[in-house]
Ligand SMILES: Nc1nc2c(ncn2[C@@H]2O[C@H](COP(=O)(O)OP(=O)(O)OP(=O)(O)O)[C@@H](O)[C@H]2O)c(=O)[nH]1
């Protein structure tokens, strides 16, 4: 089947104008998300670059149809990346790197633009590197759901590889000794490029909205001071864990951990020092948790932990380690050493029909026992 190159170019232009307009519509509705405006501009830039490159056949002005067109093509992945950074950081992002890479690319392009094929090899290689970098960068934008992150990352990576392939094909073509007609291959690569650009642009809003939803969930379920779950998050996720345990006839375990004589630490070193201790204890708790455990700060200096898939012996081992680890840790605040210990109360049960607040009450009674037996220890019901 013969694919007409101008048809592909015209389709690319129209599709990018449409996608750019869609991005601006989203930006208009969500003014705080400047990344949509940046991605919209990227689509328009890509359309303009294609118009200029298309003029190569009728206009003898390579400075415009090659030099400017290729520079604009390089600007597209840079804008895509800029939009991702704006989104990740949620603030204005400096254009310094975009400007630097544009200048660095402009120099060799200036020497090559009289030879469109060599210029194309260079442009495709730079874009390939930028897309591959973007693929790796997307992976660092957390806490987006893994699937969306991977999908966007794979699109960028495939795009990078495809552009490298384009660079190689064009490089071979530009060698006069190898007369192979690769126009069809280039056209196919251009179509793949078009599909990937479209898919990436369509995924941008999905990516942003899924991350927004996660952030919103975090705001309501995460304790700002310690970054563990808060009381609400603990009950929401802990109850789910309990139901799962009961369905699989596994024991459920709830621990309560409370800082010892915390009031005197606050009184002696100040509230800020107390907050630093809470953060340090949270860090130790987090270190001892496995993937499916749920740890939360449910009150001022009270932590609750739901352990997934443990028996009584393992639960006691975790409790012992937490108590010992906190007692051994040298807490410091503004050069002052603070001696800190914790007490832990726990319950492990296989009984059905017990909800999380009942288990928490039992763990609290065990904690009370640990406190009245001298603190810096654990007790189980
Ligand atoms: N710095 C800081 N202190 C807090 C926070 N929430 C609660 N507190 C303090 O934690 C202290 C709790 O004191 P108490 O309940 O009397 O218990 P305690 O002094 O730890 O004594 P025991 O639990 O019996 O060992 C109070 O002084 C609260 O002001 C917080 O977010 N930050």
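Note that Cβ sites are derived from N, Cα and C of the backbone, with glycine treated the same way.
Taken from TrEMBL as is:
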- 250-381: domain 'GGDEF' (DOMAIN)
- 6-27: transmembrane segment (TRANSMEM)
- 39-57: transmembrane segment (TRANSMEM)
- 63-85: transmembrane segment (TRANSMEM)
- 97-113: transmembrane segment (TRANSMEM)
- 119-139: transmembrane segment (TRANSMEM)
- 151-172: transmembrane segment (TRANSMEM)
- 184-209: transmembrane segment (TRANSMEM)
Positions on the same chain near the transmembrane segment (6-27), where near means CB under 8 A and six or more residues out: 33-34, 36-37, 39-44, 46-47, 50-51, 53-54, 187, 190-191, 194, 197-198, 201-202, 204-205
Residues from the same chain, set at least six apart from the ends of the transmembrane segment (97-113), whose C-beta lies under 8 A from its own: 62-63, 66-67, 70-71, 74-75, 78-79, 82, 119, 122-123, 126, 130
Model confidence over the domain 'GGDEF' (250-381) (mean pLDDT, whole number): 94
Folded-back contacts onto the transmembrane segment (63-85), same chain, C-beta under 8 angstroms, at least six residues removed: 34-36, 38-39, 41-42, 45-46, 48-50, 52-53, 55-56, 93, 95, 97-98, 101-102, 105-106, 109-110, 113-114, 116, 119-120, 122-123, 126-127, 130-131, 133-134, 137-138, 141, 200, 204
Sequence-remote partners of the transmembrane segment (119-139) [C-beta within less than 8 Å, at least six residues beyond its ends]: 66-67, 70, 73-74, 76-78, 80-81, 84-85, 101, 105, 108-109, 112-113, 149, 152-157, 159-164, 166-167, 170-171, 174, 207
Residue numbers, six or more beyond the limits of the transmembrane segment (151-172), whose CB comes under 8 Å of its CB atoms: 117, 120-122, 124-125, 127-132, 134-136, 138-139, 178, 180, 182, 185-186, 189, 192-193, 196-197, 199-200, 203-204, 207
Residues of the parent chain within Cβ reach of the transmembrane segment (39-57), under 8 Å, 6 or more residues beyond its termini: 6, 9-10, 12-13, 16-17, 19-24, 27, 64-66, 68-70, 72-73, 75-76, 79-80, 83, 116, 197, 201, 204
